[in-house]
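Here's what TrEMBL has on this protein:
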- 111-126: compositional bias 'Low complexity' (COMPBIAS)
- 127-136: compositional bias 'Polar residues' (COMPBIAS)
- 1-108: domain 'Thioredoxin' (DOMAIN)
- 109-141: region 'Disordered' (REGION)
Amino acid sequence: MGLIDITSQEQFSDLTSAQNKLMALYFHTPWASPCIQMNKVVSTLADSPQNQSTTFLSINADTYPEISDLFDISAVPYFVLIRNGTILKELSGADPKEFVSALEQFSDNKPAQGQTQQTSQPAPQQNLDAAQTTQALDEETPEQLNARLTKLTTAAPIMLFMKGTPSAPQCGFSRQMVAILREHQVRFGFFDILKDDAVRQGLKTFSDWPTFPQLYIGGDFQGGLDIIKENLSEDEHFFEHALEEANKAN
């Protein structure tokens, strides 16, 4: 069936009302660079014969906020696996291996009895294609890492580098930073540094800041939790003003 682009809330409701069907919902935006990588991964998986029993839906979170709000999505890329209206698993961030693992866990596509090895062989190759997206990152040079960090810090107007995800922070400082951003109704992208040690270590030099979380606005490092708190105490509209300055600079 391939990847289905959602073009209306009615279409989304109709497709997700199917009974006993595994649905993979992929939320993305055109401005978040991590989504560019995942667009290719999700498309490849949707076209895979191994995933023929799963319906893949592509949802632009900016265009259809009413659908995003159903799942309390505040950052992209974001994945939700559902069946019969029940959420089976939610994944946040650009981790192809984690998404593939979740699909395998909940897929009900089992080989038919008597099926030959030849008919089932092509499917694993499709999953290799998804994994290759991350393998290429394992051999990057310092220059390539620096270029990747530049892209990551500008992936969204406001980017948070944290431990864990907004829905499941892995440290108290990251949890507090997410709470501050949500309190001020700030839309932000995020990157889970626990999933990529190269980014975790590289950012310490890139920003000349040894701890996390780290917040970037317009690609410029703004500080950690204490500095953001201090900036907000001096200017309650700090986020809006910082974005305005970033837009002027660009």
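Quick reminder: no glycine exception, Cβ is built from N, Cα and C everywhere.
Automatic, uncurated: that is what TrEMBL annotation is.
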With DSSP as the yardstick, break the domain 'Thioredoxin' (1-108) down into helix, strand and coil residue counts.
-> 43 helix, 30 strand, 35 coil
Model confidence over the domain 'Thioredoxin' (1-108), averaged pLDDT = 88
